Amino acid sequence: MLKVSIYRYNPETDDKPYMQDFEFDTQGKDLMVLDVLEQLKGQDTTIAFRRSCREGVCGSDGLNMNGKNGLACITPLSETVKNNQLVIRPLPGLPVIRDLVVDMGMFYAQYEKVEPYLQNDNPPPAIERLQSPEDRAKLDGLYECILCACCSTSCPSFWWNPDRFIGPAGLLQSYRFLADSRDTATEARLAKLDDPFSVFRCHGIQNCVNVCPKGLNPTRAIGHIRNMLLTHAT
Amino acid sequence: MVTAVTSFGRSGLSDWLVQRVSGVILLAYFLFMGYAVATGGDYASWKALFAQTWVKVFSLMALLSLAAHAWIGLWSVLTDYLTERLMGTTGNVLRITLQILIVLVLFVYVVWGVQILWGY
């Protein structure tokens, strides 16, 4: 029997959070953590968690499993269970709304700060803005982010300054538009990043790279932003 | 854009660059010191070493690097842990008090260091 321990907190009835233990029979199958949660919800219908696509595309079920952030739907038990035990907690650093559901407001506010949309003040061409295959290739490894928040909530710099440090997810998106050949707002974007917090609170510990379920590398993107700031500065 | 008034250079990029460059200078200086101690630690050779102008200049450079490096590093630590978000007004008061204290101590170290380097 697998021992599953789940973080429980209902602010309407509980004074403080507690861990609820379950015994779970995997029947020898290597299930995904989300499958376990779904079946436990059958036992106790009050467990709250977010999920949607259940195949690692929507980014809804970012959770902390045995101390490491990841998507419950694409994390097999064989990858995370140690000593027959599975501890499931909400993503660290964000306010808990209930059980495993966190308030992503601060995360989204940082995402909004980087203006994650194409800005181009040239008159639009008749059909579309073209891009060479080489320029398009620069966006690989940047555009795939699903905003699950696994990276930012594993980052100590984001834990301490979620209101000032943009965080790995936001900075990856920031670089996605800085690197886009069709975007003309590069200077204005860079000017908003040159303070001691937005970018430079990153100390390169690479927790973000370690947890990203899509295998992306925000630390490298942050390095690119730093180099752009350096080359644009005097 | 976050406004910072107590950081070393008021700009994240400048602080980052100063931190890296001062780190390299400190590394070079401590390697040099290690070598100097290993090859001759008696009073006469030590005095002869520091009688040379370039050693004094290098030492002052390392001292200034240390001050800048410590300011930037400790500023980062203080703005992580002692903030209004985590501790309310207490965080601000504690942080700014400690920042001023750190800068004053560093200032004393620099002036004192100059006196030691050129005073004997």
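Residue numbering: from 1, along the chain as shown.
Yeah, the Cβs are placed from backbone N, Cα and C, and that goes for glycine too.
Sequence-distant contacts of the transmembrane segment (B:17-37) (same chain, at least 6 residues past either end, Cβ-Cβ under 8 Å): 8-9, 46, 49, 58-59, 61-62, 65-66, 68-69, 72-73. According to TrEMBL, the transmembrane segment annotation covers B:17-37 (among others).
Sequence-remote contacts of a segment are chain residues at least 6 beyond its ends whose Cβ falls under 8 Å from one of its Cβ atoms, and for the transmembrane segment (B:57-78) they are 6-8, 15, 18-19, 21-23, 25-26, 29, 32, 50, 95, 98-99, 102-103, 106-107, 109-110, 113-114, 117. Summarising the annotation, TrEMBL assigns transmembrane segment to B:57-78 (among others).
Annotation note: B:His69 (heme binding site) sits in a helical segment as assigned by DSSP. Long-range neighbours of B:His69 (heme binding site) (same chain, six or more residues apart, CB within less than 8 Å of its CB): B:Val18, B:Gln19, B:Ser22, B:Gly23, B:Leu26. Among the features that TrEMBL reports, heme binding site is placed at B:His69.
Long-range neighbours of B:Tyr81 (ubiquinone binding site) (same chain, six or more residues apart, CB within less than 8 Å of its CB): none. For B:Tyr81, the entry in TrEMBL reads ubiquinone binding site.
Residues of the same chain lying 6 or more positions beyond the ends of the transmembrane segment (B:98-118) and with a Cβ under 8 Å from any Cβ of it are 6, 50, 56, 59-60, 63-64, 66-67, 70-71, 74-75, 78, 82. Residues or ranges marked as transmembrane segment by TrEMBL: B:98-118 (among others).
DSSP gives B:Tyr81 (ubiquinone binding site) a helix state.
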